[in-house]
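A.B. asks: Grabbed the feature section from TrEMBL, which reads as follows:
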DOMAIN    1-117  domain 'PLAT'
BINDING   16, 38, 77  Ca(2+) 1 binding site
BINDING   39  Ca(2+) 2 binding site
SITE      102  site 'Essential for stabilizing binding to COTL1'
DOMAIN    118-670  domain 'Lipoxygenase'
BINDING   367, 372, 547, 670  Fe cation binding site
COILED    624-655  coiled coil
């Protein structure tokens with residue numbers, strides 16, 4: 001028998017190889033000859049699809065797997081294989097073997113299963129079952145759990161990104177861009193500091209314009225012009241980088257003694273605070289989780305942290321506006337309640353303190369903990385417990401791309417004892433971990449599901465809450481897609497319950513990854529299709545929409561430093577009448593801190609050059625027509641959803657486009 005074999009090499013830099021590559025086809029009736037793949041000229045060039053002929057003494061029967069071997073020729077040269085296709089000339093039968101892996105080292109051997117998604121119960125041959133077992137044993141040696149710090153989700157056991165297996169590393173282009181863009185941002189930062197050093201230091205708020213150079217965006221410039229306005233301040237709770245905090249206030253908290261008389265001037269003349277509370281038009285943002293967090297010490301100077309409470313009113317004409325702010329959790333004579341009717345600088349500084357708390361919460365909790373670290377748990381369990389032929393592995397793999405490396409880089413470069421947070425952020429150092437530990441203790445699986453999140457916070461009717469509206473649209477699209485895929489492979493709840501690999505996966509997630517969080521609410525076993533569909537939808541939603549909502553706008557909202565300061569150098573004011581512009585300037589980040597804040601938020605929030613947009617499955621793990629049809633339907637639904645979002649934004653001066661599918665990545669890569 002002769003078989004036509006097509007071997008596809010990766011498209012990124014250095015994917016090709018000049019090493020020897022051998023192939024063996026394995027079928028139900030035997031194996032082919034071990035064949036060196038060698039055509040005249042160069043083989044396995046970047047992006048190439050090379051055709052070869054492989055022979056066997058007789059028909060191999062249905063093909064089960066392909067065995068690839070790489071041996072060095074003069075020098076070791078890694079190779080990235082996308083897939084192998086096998087057909088029999090004159091027959092309609094063909095097979096696709098997805099790979100999307102690196103062959104690293106001399107004499108390395110990998111075996112690829114045919115692309116049809118199969119649960120363990122679908123495999124009947126001893127060879128198939130043994131292959132699954134061997135693959136998982138090898139992966140569990142590579143991907144080991146580590147408790148990086150107590151009281152937070154576990155992560156991969158890797159001191160830095162260099163320790164990661166090649167299959168989960170950045171491609172060369174991504175790696176070069178990541179390092180290069182950071183150097184570019186820091187170079188501009190240095191030039192700004194140098195230019196300002198020989199001029200005057202910050203004297204007033206307009207001085208911050210002096211660091212608006214090439215790093216800028218339309219929303220950042222809009223923020224610079226409108227950041228003082230109460231309606232813009234309120235808007236950011238709905239559609240800024242931390243849109244998950246605002247909640248309906250049914251009763252003003254006892255530790256926030258706001259009276260109706262205090263805020264009456266901010267309400268419509270025909271109503272009262274009591275009436276508006278009853279109507280559901282009063283909202284609260286409470287930063288109690290910040291109370292008592294130890295402040296960072298930067299260049300021998302202690303920074304300062306507050307735990308504000310902010311009361312907001314959905315005004316029928318002005319939209320959501322702040323009506324009262326208290327900067328600490330315990331009211332006393334040194335903790336005044338700030339009001340819009342106070343001296344303008346006092347009210348402005350109070351709002352800055354709230355925005356400073358926003359920076360800490362969205363960076364450490366909404367962004368790092370609730371997206372990056374949560375998805376890393378799923379990524380680890382998937383690699384450890386699901387073989388590549390499993391349909392759930394095929395579904396999740398594109399949504400886990402690069403997550404392990406970006407998280408490793410975050411642990412070593414951002415939140416490490418000598419990282420960027422320690423240099424410029426008020427919660428840097430011990431405070432950052434304590435803050436994350438507090439949130440982890442109260443983190444719930446329910447809160448990660450958008451429908452429950454909005455319902456539990458009582459914000460289902462808030463006007464102009466574009467984050468909510470777009471999130472729910474995306475959730476429905478994701479859930480429909482996942483439901484369609486799951487229905488192809490699981491015909492009943494019993495099949496879910498009896499899938500031992502799937503049960504090992506959820507047990508790894510719940511018992512290993514999310515350890516020591518008894519109130520999380522995710523069971524260590526899956527009993528129904530509905531439970532499985534919901535969990536997978538949550539994973540994909542967090543990897544795409546939730547991460548985009550918190551990450552992609554951080555430069556827009558933080559580039560104008562007074563709008564979202566990374567640190568505060570003086571304590572919160574205790575006397576409204578003592579607030580001066582000098583006090584404000586001495587409180588806000590200094591020149592160096594401001595430049596770092598601007599550079600890093602640009603570096604992390606910018607569009608990535610090698611981004612794979614949501615729903616674009618460049619690596620095709622699924623090969624069955626029914627699964628490909630479900631993916632195509634998902635893409636079309638996302639396209640329609642994007643058209644709807646763009647239509648909603650027409651005519652708006654401040655547009656909310658972070659959750660356009662084409663603006664979101666398929667996974668957490670930055």
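Counting starts with 1 at the first residue shown.
In case you wondered, yes, glycine gets a Cβ from its N, Cα and C as well.
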A.B. asks: How long is the line from the C-alpha of residue 547 (Fe cation binding site) to the C-alpha of residue 102 (site 'Essential for stabilizing binding to COTL1'), rounded to the nearest angstrom?
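C.D. replies: Checking the Cα atoms of residue 547 (Fe cation binding site) and residue 102 (site 'Essential for stabilizing binding to COTL1') gives a distance of 28 Å.
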A.B. asks: To the nearest whole angstrom, state the Cα distance for the pair residue 39 (Ca(2+) 2 binding site) and residue 670 (Fe cation binding site).
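C.D. replies: Cα-Cα distance, residue 39 (Ca(2+) 2 binding site) to residue 670 (Fe cation binding site): 40 Å.
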A.B. asks: About how far apart, in whole Å, are the alpha carbons (Cα) of residue 16 (Ca(2+) 1 binding site) and residue 670 (Fe cation binding site)?
C.D. replies: 26
A.B. asks: Looking only at the domain 'PLAT' (1-117), what are its DSSP counts of helix, strand and coil residues?
C.D. replies: 0 helix, 63 strand, 54 coil
A.B. asks: Using the Cβ centroid of 16, 38, 77 as the reference point for the Ca(2+) 1 site, which residues of the same chain not in that list have Cβ within 8 Å?
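C.D. replies: In sequence order, the nearby non-listed residues are 17, 18, 19, 20, 21, 42, 43, 44, 45, 73, 79.
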A.B. asks: Starting from the Cβ centroid of 367, 372, 547, 670, which together make up the recorded Fe cation site, report each further residue of the same chain whose Cβ lies within 8 Å of that point, ordered by sequence.
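C.D. replies: So the additional residues around the site are 368, 371, 406, 550, 551, 604, 668.
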A.B. asks: With residue 372 (Fe cation binding site) as the reference Cα, tell me which of the recorded positions 38, 77, 102 is the closest one.
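C.D. replies: Closest by Cα distance to residue 372 (Fe cation binding site) among the recorded positions 38, 77, 102: 102.
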A.B. asks: Using C-alpha atoms only, work out the spacing between residue 367 (Fe cation binding site) and residue 102 (site 'Essential for stabilizing binding to COTL1') and round it to an integer in Å.
C.D. replies: 30
